[in-house]
Each structure stands twice: as C-alpha cells, then as structure tokens.
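One structure below.
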Amino acid sequence: MNIVLTKMMWKSGTRINQYLFAILITIPLLSFGMIQGWLSPMIASLQSPGGPSPEPYNSNDISWVTSVTYISAIILGAPMGHLTDKYGRKVMTLATTLSLIIYWQIKLLCLEPWALIMARAIAGIPCSACYIVLPIYLKEISDIDLRGALGSLLILNRNIGYLASYVGADLLAVSTMLWLGLMVPVIVFFIFLIMPETPEFLVKQGKVDEAKTVLAWLRGVSVVNRAVEQDIDNIVSVEKQTKIDAKSVWGTILHDRPTFKAFIITLVIKITQQFDGYLIVLIYAGFVFKKASDSVTIPLTPNKQVMMIGVLQLLGSILATCIVEKTGRKLLLVSTSFTVGVGMVALSAWFYMTSLGFWLPGWVPVVAMCVCIFADAAGFQPISYIIITDLFTFQLRGTVSSFTNICAKISNFIQMKWFTDICNLVGIHWTFLFFGVVSFGACIYTMVRFPETRQKTVAEIYSKLSGNDEEKDENKTEVIP
C-alpha cells in the first residue's frame, strides 16, 4: 500500500476505512445517475429553438439519445466481467471513471445532436460497469455484517445523482450543470489512484502479503491479527482449489448444482425487477401527472414533479440502507416486490376504469406511482444487485454480473423502444397489469426459492441450496464469500 493510506491505518478495530472506501467506490454511480437524470428535464429544452443546442432536436434525435446508451451497454457489458477478473477491480473502476469524464467533456464542448448521441453511446460504458464492477469491488472490501448496508449505497448514490440533476436542471444554467457533472468524476479519478485493490484479487495475483495488509487496513487492526490471517488463508485455499479443479467459469455455473440454482435465482430476480415497471413509471411520470390533473389540481411544474420523484427514490434508498441488515434480504425483497405489484395493479385499474368513462379520484394514480417508485428503491432494486455478490465466490462474480447486466439492459431497451407501441395496441392498463403480475410473481418466487443470505458465507448458502444444512466434511475445502 502507498504511504498516504498507511497514515490511515487505525489500530482500534474501527472500520471507518470500509465506510469511506465504500462511499468513494459508489460515487461513479452517482455521476452516472446525474447522466441519466439530466436528460429527463432537458428533453423539452433541447427540442426548442432557443435551447442550448445550436439546432433543435427532432423526434428521431431524441429517440437515439434515449436508446443508444442501452445499445452500447449491451455490447460493452459482455466482456466487462472478464476484464474485471483479468485486470482487477481498481483498474476497471478507473476506466469507468475516465469514461464518465469523457462523457461530460463532450457535452461541454458541443451539444449538437451528433455530439450528444456520441456522448450517450460512451455512457454505455458506465451503464454496464457501474452495475458489474462496483458491486464486486464493494462486496470484496466489506465485512460480512456490513455488505448489505454498504451494497445499498450503490442505488442510494445513483438516486442522489438523479435528484442532483433534477434540481440542477431547474435552478442552474446548462453550462454550470455540465461543469458540476465533470467535476465529480475528475475528483474521484485522482483520489482513486491511491486506493488499494481488493484482498481477493490480490490473492489471485499472488500478492498474499499485500492482501493481508489491505484487509487489516480495512478492518483497522494489525496485520498479525488472527482473524485477518484466517480469512486470507481461506481465500488462498479457495484460489488453490479453483486452480486444481481447472473448470471453466461457465462449466462451474452450469454443472455445479448449488451454483446453478444460485444462478437461476439471480437471473429470475434480476429480470423480474427490470420488468416490474419502475423504468416506465419514471419515464412516463409526467403523463400520469397530466392525466391525474384532469380531476385533481397538482400545483407543481413539470420539473418540480420530476424532483418529487427523485426525492421518493432517495428516501426509498435511504430506508434500504438503514434496514437491509436488520430485516434480511428475503423479507425486504418479498415486501417491496409485493408493494410494487399493488401499485401497478392500482395504476392499471385506474386507467381501465377511466377509459370506460367512470370517474375516479385523480390522486389514485399519483399515489400508486409514488408507492411503486418508493418500494422499488427501498428493496426490490438494491437487493437485485446485492444478491449477486452474496451468492457467488469471487471467481464467478464478474461473469454472473456481466450476464445478468446484459439481460437487464436488453429488457430496458425493449421497454424504451416498444412501450408506446404496445400501449397503443392493447391499452396502457394491460401494460401496467403485466408489470403487476411480474412483481407478484417475483414475490412468490422469492418466498419459495430464495434463501436468506444475510451474514452467511457462500458455503452456508450453497449448503442450504443443496438441501444439506449439516456441516460439510472437514476434508472439503471451505468456500468463502
């Protein structure tokens, strides 16, 4: 480790370095949240003749601006897990932060349609990396009793980024907002240059002594601490066993029974979370507010309405961070997926009844929409990322994260591209009902199939998935998280 970090080597057992490091790791996702949040309140301005662009955007330009990020994220996300395992968590986080700097720099230089489309295509790098690299990095520097709370910081910081852009777009000049957006990744990039790699990856590189030093630094204890030595020995043991087995990553995932079960559980929860309708509700919040205003007065400008959505997301994320280690993953996932389902069914019923000519209070869809957004941020969304790091060893996390991320981005692209067409074909009420059914399905599946992972090692989780809660034989290598 470098001399700067050695000055922060606590000896009292405090884990303040884990908290500080976790906050730093998740700031690139805050910057990506600012990227995504900036677009929503700016679309109308970009399309107006007096907007920040030399020429107004047409509908085709806006279509490409909103969708190109997901296209590039699908393409660039495929090798992301492999690169993370090959070059390390730190190197890939620096590369992610550099892509964020390039994105903001392009927008500062030019806001013409071609430039913004190019910038949004580059944003596909953090769109994938922030959800693949950062959760792995975060998990591998967190103690077992902190990984849920620190993992929730990912969605919390992203939602802070959303809200920052919503507020900035309403209060600040465009150029000022862009400079603030650039400042965040630039500062993080230079701070990150002195930060350490994770102990797991250092062991994989054969740097056992450095791994021990980093783990002691994270826990605020001496490098000769017994618990530190035991954990490093366990990581070394797992790495040796992996080399002896010489199986491919996908060979392990597909042919090892508990690993395959964990993979299916992760995939089902990730896909159902992506199809729970939260993305559509966020994008079409203005439409819901407009429909509701026919029967109830909503004294908020469109930008203020978007800011209210941002506040709800942030509050949900704060709640998740505070309670995830107390409630456990399973209870939080069941309760929030059920709540999202109730909100979606309420939206469906309101749109269906009003389409038949019945009068219903305008506050119903507004409340239902707010409930969906809050519940998704409070559990359904953060847990879908946390469980990937809970359910897999460090040799498999990159590959599983990449695959599930590609599935997530494909589902996002499908919804962004064809939601309007499907609504015109079958009606918006059937679309929201579909989202509700998916959410209820996720709730039932979680109750039946998902094992509680709070404060459990991968070995303990796999033992339960195998239907064997007894202790494993002493001669069998222990798998650690």
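Every residue, even glycine, has its Cβ placed from backbone N, Cα and C.
Keep in mind that this is a model prediction, so the values were computed, not measured.
As recorded in TrEMBL:
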type     : residues : note
DOMAIN   : 17-454   : domain 'Major facilitator superfamily (MFS) profile'
TRANSMEM : 20-39    : transmembrane segment
TRANSMEM : 62-79    : transmembrane segment
TRANSMEM : 114-134  : transmembrane segment
TRANSMEM : 171-195  : transmembrane segment
TRANSMEM : 262-285  : transmembrane segment
TRANSMEM : 305-324  : transmembrane segment
TRANSMEM : 331-352  : transmembrane segment
TRANSMEM : 358-378  : transmembrane segment
TRANSMEM : 426-448  : transmembrane segment
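Here the transmembrane segment (426-448) sits against the transmembrane segment (262-285); at least 3 CB pairs are under 8 Å, leaving out pairs fewer than 6 apart in sequence. Stretch with the most C-beta contacts under 8 angstroms to the transmembrane segment (171-195), considering only 20-39, 62-79, 114-134, 305-324, 358-378: 20-39. The transmembrane segment (20-39) makes contact with the transmembrane segment (114-134): 3 or more of their CB pairs lie within 8 A, with pairs spaced 6 or more apart in sequence. Per-stretch counts of Cβ pairs under 8 Å to the transmembrane segment (114-134) identify 62-79 as the leading one among 62-79, 262-285, 305-324. The transmembrane segment (358-378) makes contact with the transmembrane segment (305-324), as judged by at least three Cβ pairs under 8 Å among residues 6 or more apart in sequence. Beyond the transmembrane segment (331-352), the same-chain residues lying 6 or more positions past its ends with a Cβ under 8 Å from any Cβ of the stretch are 269, 272-273, 276-278, 281, 288, 291, 320, 323-324, 360, 364-365, 367-369, 371-372, 375-376, 378-380, 383, 427-433, 435-440, 442-443, 446-447, 450.
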